[in-house]
Amino acid sequence: MIRIWRLPILFVALLIISGGSLLIGRYPFPISSLWAAVSGANPLLHALLIHVRLPEILAAVMVGAALSVSGSAFQALFMNPLVSPSILGVLSGAAFGAALGIVLGLPWGLAQVISFGFGMLAVFIAIFISRLYPVNPVLMLVLGGIISGALFTALLTMVQYLANPYTQLPTIVYWLMGNLGGVRLSELRIMATPILLAVLALTAFGKTMNVLSMGDEEARALGVSVHWARMLIIVMATIASALTVSLVGMIAWVGLIVPHIARFMVGPDNRVLIPASALTGGLFLVIADDISRTAFSVEIPLGVVTDLVGIIAFMLVLHRLRKGWTA
């Protein structure tokens with residue numbers, strides 16, 4: 001059953017939770033001080049709100065939406081409810097690229113570009129491997145992704161071994177845990193456009209994903225160019241995923257769990273599920289970021305929180321999958 005009327009509710013909930021998140025953290029301030037912070041009448045609160053809290057919340061919304069939409073797209077494409085954005089090796093490739101940039105001592109902006117490039121390369125390797133053995137395209141893509149992911153995971157381990165244990169290695173390890181705290185507005189302005197375009201493109205492919213979920217033969221019979229549609233969806237989902245890793249590091253579980261939460265709320269129709277996943281993913285990561293900033297006396301890495309929350313959510317998903325994926 002399609003429940004499109006829940007999309008506005010998700011949007012309003014995202015706005016309310018995001019707005020409230022601006023006021024909480026290690027240094028909370030009352031809502032009565034909000035105008036002083038926005039106008040700059042209180043320079044300290046202004047700096048905290050505009051240069052620390054706002055970029056972090058915007059990054060949480062953007063990253064959560066991108067990973068969730070990518071996860072939904074891959075689950076529809078591979079017809080598997082346990083698929084995540086890492087299925088084709090993009091996260092391993094992007095992680096290796098960022099670690100390589102850190103070890104080489106490159107400026108962080110250039111390291112992010114390298115991270116994105118290696119994320120895309122990992123997926124292209126998976127696609128290339130699948131083309132060598134065109135027996136079962138979907139299965140070969142999965143196997144190609146396993147090979148590509150294993151390759152870049154091994155390279156990442158090598159880079160960590162070669163890194164300076166006192167300066168570079170802690171930076172790599174902390175970055176791999178996932179963190180929104182260091183994101184700047186200038187980075188968001190650069191990343192926002194391609195991520196938004198990728199999300200909108202995947203939303204536009206919602207009807208095509210519905211057809212592809214029926215199987216290749218049925219899709220061809222309905223006039224869909226299966227190969228090119230599959231490749232375009234993979235490229236768009238990969239762009240969104242690789243950009244998030246290059247921006248904030250590794251954030252686990254979001255792309256796997258959130259699509260199921262969204263599917264439970266709005267139904268399996270990808271025309272509605274994709275935008276619902278974007279809204280739910282942003283909401284999920286904002287709440288996870290709030291927990292990471294307020295649950296303990298020190299801020300803990302966001303990836304730790306998503307791991308813990310993801311395990312609980314995954315158990316609930318497994319319970320629901322007993323009733324059927326599209327229930």
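Any Cβ shown, glycine's included, is placed from N, Cα and C.
Record features, source TrEMBL:
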type: TRANSMEM; residues: 7-25; note: transmembrane segment
type: TRANSMEM; residues: 57-78; note: transmembrane segment
type: TRANSMEM; residues: 84-106; note: transmembrane segment
type: TRANSMEM; residues: 113-133; note: transmembrane segment
type: TRANSMEM; residues: 139-159; note: transmembrane segment
type: TRANSMEM; residues: 190-212; note: transmembrane segment
type: TRANSMEM; residues: 232-258; note: transmembrane segment
type: TRANSMEM; residues: 270-288; note: transmembrane segment
type: TRANSMEM; residues: 300-318; note: transmembrane segment
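The transmembrane segment (7-25) and the transmembrane segment (270-288) are in contact, since at least 3 Cβ pairs between them lie under 8 Å (pairs 6 or more apart in sequence). If you look at the transmembrane segment (190-212) against the transmembrane segment (232-258), you find at least three C-beta pairs under 8 angstroms, all six or more positions apart, and that counts as contact. By the Cβ criterion (under 8 Å, sequence separation of 6 or more), the transmembrane segment (113-133) is not in contact with the transmembrane segment (57-78), since fewer than 3 such pairs are found.
Annotation: stretch 232-258 has the most Cβ pairs under 8 Å to the transmembrane segment (300-318), among 57-78, 84-106, 232-258, 270-288. Residues 78, 86-89, 91-93, 95-96, 99-100, 103, 118, 122-123, 125-131, 133, 172, 234 of the same chain, all 6+ positions outside the transmembrane segment (139-159), place their C-beta atoms under 8 angstroms from a C-beta of that stretch.
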